[in-house]
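Engineer: I'd like to ask you about the structure that follows.
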Amino acid sequence: SQLPGWSLRADGSLVVATGNDDALGVYTCTPYNSYGTAGPSRPTRVLLQDPPAFRVRPKLEYFQEVGRELVVPCEAQGDPPPTVTWLKVGSVGKSSAQVDGNGSLVLHPLTKEQHGVWECRATNRVATVTTATSVHVLGTSPHAVTNVSVLPLPLAANISWEPGFDGGFFQRFSVWYSPLVKPPPRAHHDWVSLPVPAGAQHLLVENLQPDTGYQFSVLAQNKLGSGPFSHIVTSVPRGSPVPTVPAERPAVPVGVLLSPPRALRASETPRGVLLRWDPPGPAPGALSGYALELRQDRGQWELLERAIPGTDTQVLVPGLIKDAFYEFRLVALAGSYISDPSNSVNISTAGMEVYPSRTQLPELLPQPVLAGVIGGICFLSVAVIFSTTAACIMNRRRAARGRKRRQGTAPCPPNPGNP
């Protein structure tokens, strides 16, 4: 008899609209025609299994100080039992996530690069289900702004952006800009920065020169320092032609910009990581220097050093965090020009003798916390010294009173003149 929701297709397939206990069992298929049948097919067994379902979901958001431990729960059940994995949304390559036996995400120590959206994924052979949470790492420098856009205006430009996470502190922004090609009197003028009013996410840059293209970037800062620069956006004020090189500067070809440093390479030394490179090709002006960027464990790029002399072809990075993975890249600076990044080089500090220094990423212990610890130790030391001194003074006074008391009660010596 045909059960409700069961049907047989023209090609012989059996369709069960809703799987339940009625569908369990062993099935065979028997084809036939007017001449009869060659017999049934081999038997096949139908089993019912459950897709994964979350028993414990993470909260929507978690806030924790950098350097501490953060455990984000995520438990799932199903038949067969599902496998729980974690992935940072938007990360490139393998993430540094650790998962305990219950499926919880363990981040220890918590780093700035682990800030963002994390996805918990439960998988078995039936299906895959996901849920997500946001991890906010406090006590760091700001993250880079995103979605920088430039609206060209007559001899002006309106710059807008979306702020990144502020690291748990109030952040301010500044807009940096520089013309692509400048007349000879200003050929070596550096980038110009303009402060942005507090709370604003846009800035009108006025008094731009005609017939000139401009590069724009946005920088975020808080009490712990500066975040990375945003991506550079190039724009030409509306109504101005595409930039051309003045006739009095024939040595600079039209459209030729500064090429990046070449053949960046890294080597380990007893003093740290030594980076070497070859200078860029012909520059549209004197090479003024280089800027070094790095990122840890495939996180966001950070500006490590912005004032490397243009005559140098190597730099020593004397201190990094142990058992970490680093990438380095270099950009060249020539007056108003900034090159694309060079090739990146990878360094793993696993097993290296490395020590903290001023060049490393933000410290695990924030400076306010460190100052509080040092102040507490100093206060306790002063209190112990004061208590010891007071006890000594009191003991001396007690001993002096005892000596006076004994002297006052001692017997008088006999007088020879008395019988």
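Backbone N, Cα and C define each Cβ position, glycine as well.
Found this in TrEMBL, in case it helps:
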COMPBIAS  398-407  compositional bias 'Basic residues'
DOMAIN    52-136  domain 'Ig-like'
DOMAIN    141-243  domain 'Fibronectin type-III'
DOMAIN    260-352  domain 'Fibronectin type-III'
REGION    398-419  region 'Disordered'
TRANSMEM  369-394  transmembrane segment
Engineer: Could you tell me how many residues in the domain 'Ig-like' (52-136) are helical, how many are strand and how many are coil under DSSP?
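Structural biologist: Helix (H, G, I), strand (E, B), coil: 3 helix, 46 strand, 36 coil.
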Engineer: Restricting to the domain 'Fibronectin type-III' (260-352), report the mean pLDDT as a whole number.
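Structural biologist: Overall, the domain 'Fibronectin type-III' (260-352) comes to a mean pLDDT of 80.
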Engineer: Per DSSP, what is the residue count of the domain 'Fibronectin type-III' (141-243) in each of helix, strand and coil?
Structural biologist: 3 helix, 45 strand, 55 coil
